[in-house]
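A.B. asks: What TrEMBL records for this protein is below:
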type: ACT_SITE; residues: Asp298; note: active site, proton acceptor
type: ACT_SITE; residues: Arg300; note: active site, nucleophile
type: BINDING; residues: Arg221, Leu222, His223, Ser224, Ala225, Gln242, Glu264, Gly265, Arg266, Thr286, Thr321, Lys326; note: GTP binding site
type: BINDING; residues: Cys226, Cys237, Cys239; note: Zn(2+) binding site
type: DOMAIN; residues: 175-341; note: domain 'GTP cyclohydrolase II'
Amino acid sequence: MHQVERAIFDLRRGMTVVVIDGDTRVLVQAIEGAGEEAVSRLAGLAGDTPSLVLSRHRLAVLGEPDARRLARLPLAEGTDRQRLVDLAFGLAPEARIGREALARWRRALEPAQAADRAALALMRRSLLIPAALVARVSEAEWSAVQARLDDGTWLAVRADEAEQCLEGGVGMLKRVSEAQIPLEDAFDCRFILFREPDGLREHVAVVINEPGQGDEAVPLRLHSACLTGDLFGSLRCDCGEQLRNAVADIQALGGGVLLYLAQEGRGIGLANKLRAYTLQDGGLDTLDADQVLGFGDDERRYGVAVDMLDALGIRRVQLLTNNPGKMAALAEGGIEVVERQALFGSLNDHNRRYLSAKSERAGHLLDAVFTGDRDSTG
Ligand SMILES: Nc1nc2c(ncn2[C@@H]2O[C@H](COP(=O)(O)OP(=O)(O)OP(=O)(O)O)[C@@H](O)[C@H]2O)c(=O)[nH]1
Ligand SMILES: [Zn+2]
């Protein structure tokens, strides 16, 4: 897996990576940051016309009615950067590209192969826009490509290994360091840092009052990182308030655990969350904005949370959340969710639309926020 992690750094820097699947060798480049000449440059290096690998969410935005899987869109020679953006993550593709032309693009779609799936997995793990420029290396160009691999200019990764990178080595989380950190609302707190084996993400368990000694369900909060809300008190969401309320609630319950998970922007990363905010300012809601960028409603996975609970010896929990998806994910991971306790922030003019989309479209249990009955639990 070592090569995969290095490939992620290369892709984030805008470099080309080679994905190998048996006899198929594919040059891969992130769409984000691709220059004006990216398509013709990659065509020259590979000796073949590049394609664009798009997620099923983005394909649905392009009007593909039956988009269940990712697919590969062969690009015309000389496709410029603006057209790449129009296809990969731009707003209103039909208006930009034209109805007929877009239908032609859709008819040209080809099923994705292992190297294409690998390319998209690498983009997601890299927290880049989930679209990849790919080009099959021709026989004629293979020796030139091989020379760049041999001299260390480029890296090669195996498609099957790259495809697995989204799992991030679940089950191999490293417990790295810890310290006592008294908080305003909970004096006896221990912060324990866990690192994913590929070194890309770190998560923190905040253990309040050393719970989990008996059979009692442990009060637990899973909190996904939100830099803007947690740190700056952004009014666009309710995260900062939820974070502080969770600490106070766990303290009031006698102690428990807060897992602070590196899942910024429901797993799409801060760069993409800021892009999504700008799309929301143009009229989209929180879910549609993510879809325009090629993401699903919620890109989070909770395997690391289950691993952290395992490391802390916690099997039964009282979960502080309004999100049924978190309860289901823990149950799937073998953690018994004995009870749920609601946890609210305040409603304001800036987060009303965000919270109503979560309530109406994503099934979050937020009725009490809108009726003002903030004490209710479910
Ligand atoms: N993509 C995206 N992410 C957002 C937006 N607003 C907030 N977030 C992220 O949404 C996540 C919210 O995390 P949580 O509060 O733990 O989870 P939740 O799904 O709201 O569920 P509960 O709070 O447990 O009820 C954080 O990662 C935020 O960064 C948005 O408009 N778009
Ligand atoms: Zn937030």
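The chain as shown is numbered from 1 upward.
Including glycine, each Cβ sits where the backbone N, Cα and C put it.
Map the listed features onto the structure and describe their local environment.
C.D. replies: Within the same chain, residues at least six positions away from Asp298 (active site, proton acceptor) with a Cβ under 8 Å of its Cβ are Arg266, Gly267, Gly325, Ala362.
Sequence-distant neighbours of Arg300 (active site, nucleophile) (same chain, 6+ residues apart, CB-CB distance under 8 A): Ser224, Leu261, Gln263, Arg266, Gly267.
For Cys226 (Zn(2+) binding site), the same-chain residues lying six or more positions away in sequence with a CB closer than 8 A to its CB are Ser234, Cys237, Cys239, Gly240, Glu264, Gly265. According to DSSP, Cys226 (Zn(2+) binding site) is assigned to coil rather than to any helix or strand.
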A.B. asks: Other than Cys226, Cys237, Cys239 themselves, what residues in this chain have Cβ atoms within 8 Å of the centroid of the Zn(2+) site's Cβ atoms?
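C.D. replies: In sequence order, the nearby non-listed residues are Thr228, Gly229, Asp230, Ser234, Arg236, Asp238, Gly240, Gln242.
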A.B. asks: Of the recorded positions Arg221, His223, Ala225, Cys237, Arg300, Thr321, which ones put their CB under 6 Å from ligand 2?
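C.D. replies: From Arg221, His223, Ala225, Cys237, Arg300, Thr321, counting a Cβ under 6 Å from ligand 2 as near, the near ones are Cys237.
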A.B. asks: Listed recorded positions: Arg221, Cys226, Glu264, Asp298, Arg300, Thr321. Which have a CB under 6 angstroms from an atom of ligand 1?
C.D. replies: Cys226, Glu264, Thr321
A.B. asks: Let me spell it out: for each of the binding-site residues (Arg221, His223, Arg266), count the other Cβ atoms within 10 Å of that residue's Cβ, using every protein chain shown. Which one has the most?
C.D. replies: Arg221
A.B. asks: Can you give the largest Cα to Cα distance in Å, as a whole number, for the residues Arg221, Leu222, His223, Ser224, Ala225, Gln242, Glu264, Gly265, Arg266, Thr286, Thr321, Lys326 that bind GTP in the record?
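C.D. replies: About 23 Å separates the two most distant Cα atoms.
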